[in-house]
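Visitor: Structure provided below as structure tokens; questions to follow.
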Amino acid sequence: MSVTLDLSRVSSDAAPATPVTKPLINLSGLTRPQLVAALVESGVVEHGKAKMRATQIFRWMHHRGVTDFADMSDVAKETRARLAEAFTIARPEIVERQVSKDGTRKWLIRMAPGIEVESVYIPGVGRAGALCVSSQVGCTLNCSFCHTGTQPLVRNLTAAEIVAQVQVAKDDLAEWPSDKEDRQLSNIVFMGMGEPLYNLGQVADAIEIISDNEGIAISRRRITVSTSGVVPMLEKLGSTTQAMLAISLHATNDPLRDVLVPLNKKYPIAELMAGIRAYPGLSNARRVTFEYVMLKGVNDSPEEARALVKLIKGIPAKINLIPFNPWPGSDYQCSDWATIEAFAAILNKAGYSSPIRTPRGRDILAACGQLKSESEKVRASALRKLSLAAMAGVLSDDDEDETA
């Protein structure tokens, strides 16, 4: 016996299907050429006027900082209405804002349900102040000294979500319009959650937007991208972004770096150094920054300091020495201050600038290693971290000369 089902018949009591609404594209994440294309493809602006309109809209978003198309007074009302129907320029939700006694500011930003990242503004770093931004939600690197870096990768951030971190900071710092002479935000460091070179396409677009002179206008020489050493992507990073390069080094030999930075097993030190030496634009005016966390009895001996000098010989560089901030369950301790100073003295004698940076924002849990343990007690669903280097003050006082 066969049975035939008539699937065309639906009960009159059945609820109608809910249409799936496609999220609006956030124009804040589009470079100017991408913005031109989006305006034409959407039919909001005719081709002949698209370039002019794109520049107007771009300036309103990134120079004036508006969050509503209705505020774009030199754009026709009809065009503004069509823009609002097709796109958005809204900011993400700020879940939490904290300000440290030392002026450090931290924002917990919800990009989407379950997608939260932290950004930190550190005053007095670089020319005026630096913002540490994230490029991914979660991380795949599993660096053994990093409490927060062991969290699983959720997804890459979009260019709009990266740029939004800058916009949120500028909102809070009252930094609009972007050409204010007394701006407090002068530098951007990609040292938050994630490995930027595993999301280079979106990172590169964000850098183009942030550095565009019609908008936020932060020079590419004041934008630093930190990597644990994704060697095949170094050349592309330099050629497409012209950003300053920072390397999370932390060891001078492969056996130790394999433990501290497991990515080293894939791209060992010799390969990493070759990639750094070939980095586009590397010069005394565009030095690479080596980040080196000071771990007691692990990588802090005078022999290690001399090995570091030998390793980077001939590379225009500076070394940021970062005191380790212990976290519960960690196998590591911070080097004694005298040990750190002795390490720095060896580097300085060899001609390398080697500032020692102490953590900033400890009272708002913005110091290295505090973010995962303390934040998860409050909000277990949030997957976020800020890099060790940024919290220790990635840029030294002499960076103003390099990034002017």
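These residue numbers are counts, starting from 1, taken along the chain as shown.
Backbone N, Cα and C define each Cβ position, glycine as well.
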Visitor: Looking at the S-adenosyl-L-methionine binding annotation from Swiss-Prot, with Gly194, Glu195, Ser248, Leu249, His250, Asn325 already listed, which candidate in Ser219, Ser226, Ser301 is the matching residue?
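Guide: The candidate from Ser219, Ser226, Ser301 that Swiss-Prot ties to S-adenosyl-L-methionine along with Gly194, Glu195, Ser248, Leu249, His250, Asn325 is Ser226.
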Visitor: C-alpha of Glu195 (S-adenosyl-L-methionine binding site) to C-alpha of Cys139 ([4Fe-4S] cluster binding site): distance in Å?
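Guide: Their Cα atoms are separated by 7 Å.
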Visitor: I'd like the Cβ neighbour count for Cys143 ([4Fe-4S] cluster binding site), meaning other Cβ atoms within 10 Å of its Cβ, all protein chains included.
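Guide: For Cys143 ([4Fe-4S] cluster binding site), the count of other Cβ atoms within 10 Å is 21.
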Visitor: Averaged over the domain 'Radical SAM core' (125-357), what pLDDT does the predicted model reach?
Guide: 94
Visitor: Which recorded positions are spatial neighbours of Cys139 ([4Fe-4S] cluster binding site) here, meaning Cα within 10 Å, out of Cys132, Gly194, Ser226, Ser248, Leu249, His250?
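Guide: Taking Cys132, Gly194, Ser226, Ser248, Leu249, His250 one by one, the ones whose Cα falls within 10 Å of Cys139 ([4Fe-4S] cluster binding site) are Gly194.
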